[in-house]
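Q: Quick one: the structure is below, and I'll ask about it shortly.
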Amino acid sequence: MDQDAFILKEDSEVEREAPGGRESLSDVIGFLDAVLSSEPTDIGGDRSWLHNTINTPQGPGSAHRAKSEGEGEVSTPSTQDNRSGEESRVSGRTSKPEAEAHAGNLDKQNIHRAFGGRTGTNSVSQDLGDGGDSGILENPPNERGYPRSGIEDENREMAAHPDKRGEDQAEGLPEEVRGGTSLPDEGEGGASNNGRSMEPGSSHSARVTGVLVIPSPELEEAVLRRNKRRPTNSGSKPLTPATVPGTRSPPLNRYNSTGSPPGKPPSTQDEHINSGDTPAVRVKDRKPPIGTRSVSDCPANGRPIHPGLETDSTKKGIGENTSSMKEMATLLTSLGVIQSAQEFESSRDASYVFARRALKSANYAEMTFNVCGLILSAEKSSARKVDENKQLLKQIQESVESFRDIYKRFSEYQKEQNSLLMSNLSTLHIITDRGGKTDNTDSLTRSPSVFAKSKENKTKATRFDPSMETLEDMKYKPDLIREDEFRDEIRNPLYQERDTEPRASNASRLLPSKEKPTMHSLRLVIESSPLSRAEKAAYVKSLSKCKTDQEVKAVMELVEEDIESLTN
């Protein structure tokens, strides 16, 4: 009965108020809807929402939702983005003027009074808290220009700036981080939220301080399209109710206590990225945390006005790059790659140039470019060295092959020399007797195989040995070439000259001759002896005059004696 009386009292206040009083009525109805549709344990657990002002014209309505264990959804009509109600309002009432919407609202209130005979909590629950469409506009037009709730504010911001949503998708961040609280799934009638809890927030949120104009149907359609793409990212990590309020409570309390100018736009995306429960995606973002940033650091474009921190960080990065270059030069010097650190800084080699540029890089793109250049230059230098090594190996192989040819020819030449030496040794063994006699075992001296005429040694008749022709420098002289002093003694000079022509060679001894072979050989012995020229001529002349063998023997004995006297 108290609740019905409270509703009737509010209805009477609505009748006395101007048409602009619908804002307080919707707040009250949303308050009752929250009371009736939630369990007593949930209401007794957290009563922070009781302290929020309901009908204050300065701030927006309660901007938070609460979901109890996946059961009923508690939300204020001024902030709840009811999917079915939003679609029906956009599709059916986008062209309806605000006056008709206000008239329809009053008709719904009259219908509610007509059924006021039913008393008790059941009738109120059937009219207000059944979870369906109660006929009351849950999101009335913003006639007074009050700030919208946080969810709608972010939805319109994301619709106006679709590039922010593209950044979220490109960086792989969950949309709950930048897009604010999640919206219920449309497929289940708005009654379930897939286990995702709503993050409660204060009415004086940092993102809702700007005054927005009346939303256009295009913006609402953009919001609906954004919310329809939400189930594709349902697998992302949901925000837990234990961590989300703790991470956002400092900025909410700060803005709630200090206040902010009415022209303040929603906070930038970096505040949501740098929160405690989200991974640090941007490594090179050197912006200070939320608690240390001032209110005036965020202009309309979302970028900081004062570049002091960025300049300091840039100078710090340059100092770090310089120190890293010094460390790299020291390391290369210690490893023996370069002689000194000055060589690393002043070298014009491609690898060193790209290494210095990579160490001085200001962002990842430049560093990646320089590292790629470093790798390619190192690969090029290594390929060049490989080619040089191949050429060197080829030259070494050619020289080895030439050495093999030289060794082969030298070995063949050595074999020829060895065979020639062995043949000379065998010839020398034939000429000289190395004591192979069986009858003269006492004497150890070597006896020559060719014996000269001597008085002591006449035991063996000596025959002419043709091998004497090859001894020393003695050359074969033809038989019939006479000396000049013998010309006067030639009886028939024409006949002698005629016989000289065919015998003027070493092969003349093979031709038939009138002279006996023995006489011819004796003459050769005399000619090859070390006697003087006159003595040789005298002995040859006396030998030619011999008629018997005894005379020849006597002449040869005289020749041998003269030879012995010369040799001794």
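Backbone N, Cα and C atoms are what each Cβ position is placed from, and that goes for glycine too.
Annotation source Swiss-Prot lists phosphoserine at Ser68, Ser125, Ser192, Ser249, Ser257, Ser260, Ser447, Ser449. Here Swiss-Prot flags 344-411, 362-432 as region 'Multimerization'. For 412-445, 413-445, the entry in Swiss-Prot reads region 'L protein binding'. If you look up Swiss-Prot, you'll see 547-566 marked as region 'Formation of N-RNA complex involved in transcription and replication', on the strength of similarity to another entry.
Quick one: how deep are these features, and who are their neighbours?
A: Here the region 'Multimerization' (344-411) is broken down by DSSP into helix, strand and coil counts: 61 helix, 0 strand, 7 coil.
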Q: Limited to the region 'Formation of N-RNA complex involved in transcription and replication' (547-566), I'd like the whole-number average of pLDDT.
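A: Over the region 'Formation of N-RNA complex involved in transcription and replication' (547-566), the predicted model scores a mean pLDDT of 89.
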Q: From the DSSP assignment alone, can you count helix, strand and coil residues within the region 'Formation of N-RNA complex involved in transcription and replication' (547-566)?
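A: In the region 'Formation of N-RNA complex involved in transcription and replication' (547-566), the DSSP-based counts are 18 helix, 0 strand, 2 coil.
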